[in-house]
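S.K.: Got a structure here, written out as structure tokens. Questions coming.
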Amino acid sequence: MELQQVTHIDNVRLSDDGTRVVYIDQTQLPNRTIYKETNKAEELFRAIYELQVRGAPCIGIFAAYALYVLALQIPHEEFEPFYKELVRQRDYLNSSRPTAVNLSKMLDRMDACAKSHSGDSHAALLEAMRAEACAIHQEDIDMCYAISSYGLSLVKDGDTVLTHCNAGPLATSRYGTGQGPFYLAKERGINLKAYCDETRPLLQGARLTAYELQRAGVDVTLICDNMAGMVMKQGKIQACFVGCDRVALNGDAANKIGTSSVAVLAKHYNVPFYVLGPSSTIDFHCATGEDIEIELREPDEIRKKFFAEPVAPEGVKCYNPAFDVTDHSLITAIVTERGICYPPFSESFRKLFPEQFE
Ligand code: MRU
């Protein structure tokens, strides 16, 4: 197989004429690479809701571009009616998924940008919104690279790291967060091996992480979620790297369902457990994980999705939370673009991000 530079693919971007959002439909991977493009509100909403576009940072970037292309279509004789409709579209996009804080944060940034240009010509306002969406994207590229470098400093040549879900290039921009160190290690000639959980029920680990890492030539081994304890007990794993969807001030971290089980196992087997995420994923207004809303999804994702036939009796009750919250006491460190935060996390956040506490 020809190795690919997966860190240089734009999974989300504006179309060449700047009027639509272009994105890879991640539900089709690894079997088909389908690019879609749209400027229709319902399709943009569905792209997030159906996880065609997914991963906290990627959702934020996509939503920023989405609100911009929707703004282009709003009639604009006066600012007030324009802004009222913009807020309606913002709220609609924001209702697509509740857990990843990047979605509401980036929509709020776009909203604030529009408001701060209310006195300008409409063309200038739209240009400012376009520039803001591009800045959000570029900031994520920079943050992912920095996070990957800090993450790589936590492991050594020859280590094997367990990862859960997908926090790679598809979920972010370029390097990713939770999987960024693998790509950087590859580039720098460092041998860093990956064990990747398949991540039931939507299989982001099997479909996306294993696919991306294999294409980049990283030594990756796929396991079922219930094998993580076994490989840790066997001493195969030197660290765990995961991404995050919303981190509370005390360090409690929401991430893909199953993450907290990995953290409990890691604690038991004395394996360091690292959460890697940009400051855009820290919710500085959220005190603890208790305040994080967890998305509940359709039972059929458990009962039948991805199987040729249903694997559970028709209509059996299912509980399908898409995320869980890993207690801060299980987290060795949280790796951000400004450095590595150790417990107590609220103090580390205060030192690294003082402007958030002014
Ligand atoms: O439901 P998903 O696939 O959007 O969940 C993604 C995750 O949980 C990722 O680990 C998280 O968003 C971090 S991506 C850098």
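Each Cβ is built from the backbone N, Cα and C atoms, and glycine gets one as well.
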S.K.: Pick the one from R13, R97, R297, R303 that TrEMBL also lists for the substrate site with R54, G55, A56, Q204, N255, K256.
M.R.: R97
S.K.: For ligand 1, pick out the binding-site residues R97, Q204, K256 that have a CB under 6 angstroms away from one of its atoms.
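M.R.: If the test is a Cβ under 6 Å from any atom of ligand 1, the answer is Q204, K256.
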S.K.: Calculate the distance in Å between the alpha carbons (Cα) of D245 (active site, proton donor) and N255 (substrate binding site), and round it to a whole number.
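M.R.: With distance taken Cα to Cα, N255 (substrate binding site) is 5 Å from D245 (active site, proton donor).
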S.K.: Could you give the maximum C-alpha to C-alpha distance in Å for the residues R54, G55, A56, R97, Q204, N255, K256 that bind substrate per the record?
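M.R.: Looking at R54, G55, A56, R97, Q204, N255, K256 as a set, their Cα atoms extend up to 17 Å apart.
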S.K.: Out of A56, C165, which of the recorded positions is least crowded by other Cβ atoms within 10 Å?
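M.R.: Counting other Cβ atoms within 10 Å of each of the recorded positions A56, C165 gives the minimum at A56.
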